[in-house]
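Trainee: Please read through the structure below; I'll follow up with questions.
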There are 4 protein chains.
Amino acid sequence: MLSGNSIGRRLVLTSFGESHGKCIGAVLDGCPAGLELEEKDIQKMLDLRKPGQSLVSTQRKEGDVVEILTGTFRGYTTGAPITMVIWNKDQKSIAYEKLRTEMRPGHSDYPAYMKYKKFNDHRGGGRFSGRLTATHVMGGAIARKLLKDTIGVETNSYTTQIGKIKMKKAAAKKEFRSIYTNEVRCPEKNTAQKMKSVILDARKKGDSLGGIIESITTNLPVGLGEPIFGSLESDISKAIFSIPAVKGIEFGSGFAGSEKFGSENNDAYVMKGGKVSTKSNNSGGILGGISNGMPITIRIAFKPASSISQIQQSVDIKKKKSIKLQVGGRHDPCVVPRAPPVVDSLVALTIADHALLSGTIKPTL
Amino acid sequence: MLSGNSIGRRLVLTSFGESHGKCIGAVLDGCPAGLELEEKDIQKMLDLRKPGQSLVSTQRKEGDVVEILTGTFRGYTTGAPITMVIWNKDQKSIAYEKLRTEMRPGHSDYPAYMKYKKFNDHRGGGRFSGRLTATHVMGGAIARKLLKDTIGVETNSYTTQIGKIKMKKAAAKKEFRSIYTNEVRCPEKNTAQKMKSVILDARKKGDSLGGIIESITTNLPVGLGEPIFGSLESDISKAIFSIPAVKGIEFGSGFAGSEKFGSENNDAYVMKGGKVSTKSNNSGGILGGISNGMPITIRIAFKPASSISQIQQSVDIKKKKSIKLQVGGRHDPCVVPRAPPVVDSLVALTIADHALLSGTIKPTL
Amino acid sequence: MLSGNSIGRRLVLTSFGESHGKCIGAVLDGCPAGLELEEKDIQKMLDLRKPGQSLVSTQRKEGDVVEILTGTFRGYTTGAPITMVIWNKDQKSIAYEKLRTEMRPGHSDYPAYMKYKKFNDHRGGGRFSGRLTATHVMGGAIARKLLKDTIGVETNSYTTQIGKIKMKKAAAKKEFRSIYTNEVRCPEKNTAQKMKSVILDARKKGDSLGGIIESITTNLPVGLGEPIFGSLESDISKAIFSIPAVKGIEFGSGFAGSEKFGSENNDAYVMKGGKVSTKSNNSGGILGGISNGMPITIRIAFKPASSISQIQQSVDIKKKKSIKLQVGGRHDPCVVPRAPPVVDSLVALTIADHALLSGTIKPTL
Amino acid sequence: MLSGNSIGRRLVLTSFGESHGKCIGAVLDGCPAGLELEEKDIQKMLDLRKPGQSLVSTQRKEGDVVEILTGTFRGYTTGAPITMVIWNKDQKSIAYEKLRTEMRPGHSDYPAYMKYKKFNDHRGGGRFSGRLTATHVMGGAIARKLLKDTIGVETNSYTTQIGKIKMKKAAAKKEFRSIYTNEVRCPEKNTAQKMKSVILDARKKGDSLGGIIESITTNLPVGLGEPIFGSLESDISKAIFSIPAVKGIEFGSGFAGSEKFGSENNDAYVMKGGKVSTKSNNSGGILGGISNGMPITIRIAFKPASSISQIQQSVDIKKKKSIKLQVGGRHDPCVVPRAPPVVDSLVALTIADHALLSGTIKPTL
């Protein structure tokens, strides 16, 4: 499939809409018939990424109320494309007018202007807005439910680092339930406190912070994924890099693993009650691109949000001259706390895609 | 496209063959008609990843002589699929017989066994062998030539870290020519020496080492890539993770960037002779998924090779019991020095794909 | 792309919605940025297939008012997905309740029931309804405008046969303007009269009629289409068979051509003012799957509509017994007169797809 | 998938090679692991389309001996891409030299010249040669075996018309075994005789004839195919039109059906031993694009071969002037007798693709 607005092979998500247009939405095609599905199943997850919930995120009020337009009948999916929309509200496009020619550093303004010329809908970032990740969640909420209801796979992610503040170690399964007990989505209570305060400092300075999200997927069957170009790492990373602020990803021991010896990094096999398992999980649950039954562990690097209110050096693309630019509007001092549902969505979509490809999940339930 | 054996949308590479079968090969489809192409153009690049060149890599002798079967006529591409093969030689499959049921830690043996049952061609790793990356280079050599001959884009990569030995800083353009002056493919002469010695130590211990490759693509036009799922990061990462040992990737400031403030990480725009450019390049040349004209900078983490000759704890999948396993055969103590041509190939394939998608390169030259 | 709800490679149309759901709609992805587009451009063409316009078609009133949700900005396309919907009205779903288990002959009821089980939205035929062809027209109206505004290609089609009533010969270019001057969409005035009367007869008898549509595309550049599986015939036929009632298609001399000798069927080349052209056009403008610059001529066979009000022999799939079935509701005695805009749409979508693939039309105008 | 050299979604056939190049071949990707497969399984079917078998076809000797290069191991498929080649022999390319600029009527010469310029490999028709249909048979032989060995689906086709000589009626199942008892592949003995003689007459005159192939697929499960763009008619027709000489296709009652009333054309349902079936089969086994369990019946129109030795009017594209052209070389006076294995192959590939998509056939047997 040619377009950059769709992802997936057997379960295909097509994202549409603009940040300040009539709506944003998605078509999820290939979802099996017979999955119980109501709007609240999707809304729940959308609410977790919704902005305006606390000072750590933007103060824009985005209702983000999802409406299912097609693909369900009497509370179940039909096998037809599932179309979902969020009708946009509360846009202040005026603030963006001068940005047509004044390029915001770190934003897509400049390449978008060169690629689409004057035709690009720049308002609120248009297609490039982080707001579009809500369309990932629309599809991801369904994929996540499909995985859980059929084969019991669960995807969880959380904030493990903000700026220089880091969690002491990866979260244990039992800690997943406390991810959403705080605004920064970090299961370590004290670390969460510190994270919040560095974010609020950045906000005061009109600056922004980045961070790292950790994603753990449990209860996977052995054998999902394909050698060469269909590896789980290939497909998951392609999906994750659709999040505007993501600039890095690693699986299992990742970058740290490249400093180790093979004898340290190889995960020894053990038999546990007739079931094969590994002592360590440096592979992150993926060998040769295929799931080995251990949890899939991913770490994702987010850059600090490009939108800051400090004065920055830039250019006016039309006047072809240097300028001092100060960007108004309401920004996220840190987008990381809003990212876990998006990451969960993209991981779930990819794994559900492979589960359908391999016949692990049937096209009609 | 559904299969895991193909990659690309407009320029599609399909990989085929098995490590110990008759041959390995590739079909490159979508290459424009009119590109001057001979076997030596591909052979040159294949020779740079060929094993058996020094003690830092495996002592297996793989001739890796490419033959073009289709798609060229009188020294030019015709627009038809370009089929290339390397006829296999010097396989010692016997060594692999017992591995049918004894699972090598860190290898794909176990998930492959569960996915394909007894039908998997396990000899020499079959489809999962690093040897298959030669098929990436077959296509990549053509993509790289296409980019250079038409729009002047150049891709270079080198070893920046082996185990704990690191280069002091990213290579400058002028250093690219010295990448292949040493066996570890590191442009810093002294660092290269240290890298070589730690690899030879690992070899003596029957152990292996990982490392990091840095890739730099220069002279890109502004505007390649697409928002959302067709971002350059998405497509490049999908391609790069097809390399068996890769476990992490980052663009620009990557993971380090997530510790910075937005005011530090944003790249200020400047006008240079009527041309827009940025002071720094923390974005790695990609904003909103689209090239901004600055060099694309990528760092790629390789795990230490799974094949080590030390005794490891494992299981016999058929007897369902724990075993002590010692893997024979000839291994790479470190695959990183052989990776730069593979990385260049996958980056070039992805960028050529987008150049064709966007009409920057025409279907008939 | 895997799903049956999308078509196209570079210009992708995804159809969504159900006949009696909230809406039907389409996403057109890959349309170049910079095409002038308003809702009325699409509405015009939708109105030509709208039912309830005369006694020759169903008396159902379907407003079929299109709304563009995304992808345009200030009257131009942006390069982003164009989402369009028609909000459904005037459905009488009750009439369909018993049809859940009583299978209408000639309809998709039975295979759909076996494929999707109870989950299929059967109301009004759900996804199988001819009503869904309105989503083809949404995309087709844009493709047709794109072709006309950029490279001057024009697609026209008309009714050449209803039941046994046939036009004397293919329409000349100047006759195209009279296609929509009558309800059956036949440019021959007298033939149109006869066609209308046989349709009204069939209606009286509670029966239905089929027919044949002829499509002529003019002003094509030479060289669109690809050898083997990307031939214009392959892609056009795939598109056309998405119309529920279509059971046959032929290009140029088609079935009649298979009775001829090569010496009769070959189109001799002639030079006309330095331009190559052919004396006859038995090839229908396509040689080796590629356009040769002559008009593309297609004939499409439509079966008589399956919905008739006569009593028919059938089965109750649940009770597993034979039944006598009489289908109520308002039907088209003949769908052919509503088909020309749908045929034009699918031909235009396919040709625009190839024009984009070949770089004949640029991604930003 | 963008390219015109591949077909299929889950089971993908990629065709490569040129008529007078080193070889022609195919990669079949997505074939399940565990199918018993040897070269002779493919060779058998290739031999049925091989030329030089009688006077009704060309006297060119093409050995057409297939070699499997990859994808099988110890007599079974592995799930990896299956690569097959036929090494070319007996080409007389010299005969084609002048054809670089003298355009053969009815051939692809002219559009190919305009599309690929001088880079097109015109020798023997290059990619446009009917010889490439051997690559369809390579994949088709495997698909056909897969269908038969797993779900018992059988595909048969035969010559039902040559020029004006027609079979009296469609062949009954028991007649399938006599298809290959004569050179024209027509199960009616006497009709076959007449067909042969008109072909030999045409040969004497240096002319050619067309005809019609009928294809019947039996024992299909209910539910293969998808609504809208994934209909069996859509996918089968796309595949069939990849055969160079095909100009028309119809399913079930097809064009004849468009003259009927709905009350005649609808197939009444009946219960046979608890199994649903239809009295007639005007639908050709496909309703709403989905198989209904009845035989899939297709009629395919072949134009008379373009290559004739009579003098024809044409143009020299370089000199831009009219010429009298006489084409030398050895031609098929009628390609129809060689087409049944090709038609069977393309139908089998399409149905196997849908059987895999729907999970009816598993990825590992």
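Cβ coordinates come from backbone N, Cα and C, glycine included.
Residues or ranges marked as NADP(+) binding site in TrEMBL: A:R49. Residues or ranges marked as FMN binding site by TrEMBL: A:R127, A:F128, A:S129, A:G288, A:K303, A:P304, A:A305, A:S306, A:S307, A:R330.
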Trainee: Grab the FMN binding residues from the record (A:R127, A:F128, A:S129, A:G288, A:K303, A:P304, A:A305, A:S306, A:S307, A:R330) and give me their largest CA-CA distance in Å.
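Mentor: Greatest Cα separation within the listed binding residues comes to 44 Å.
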Trainee: If I take the Cα of A:R49 (NADP(+) binding site) as reference, which of the binding-site residues A:R127, A:S129, A:K303, A:S307 has the closest Cα?
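Mentor: That would be A:S129, nearest by Cα distance.
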Trainee: Counting all other Cβ atoms within 10 Å across every protein chain shown, which of the binding-site residues A:S129, A:S307 scores highest?
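Mentor: Of the binding-site residues A:S129, A:S307, the highest Cβ count within 10 Å belongs to A:S307.
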Trainee: Based on Cβ atoms within 10 Å, give me the single least packed residue among the binding-site residues A:R49, A:K303.
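Mentor: Minimum Cβ neighbour count within 10 Å, taken over the binding-site residues A:R49, A:K303, occurs at A:R49.
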Trainee: Does DSSP give the residue listed as 'NADP(+) binding site' helix, strand or coil?
Mentor: helix
Trainee: Select from A:R49, A:R127, A:S129, A:K303 the binding-site residues whose C-beta atom falls under 8 Å of at least one C-beta in chain C, and return them in sequence order or as 'none'.
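Mentor: Only A:R127 pass the 8 Å Cβ test.
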Trainee: Within 10 Å of the Cβ of A:A305 (FMN binding site), how many other Cβ atoms can you find? Include all protein chains, please.
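Mentor: Its Cβ shell of radius 10 Å holds 26 other Cβ atoms.
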Trainee: Using all protein chains in view, find how many other C-beta atoms are within 10 Å of the C-beta of A:R127 (FMN binding site).
Mentor: 32
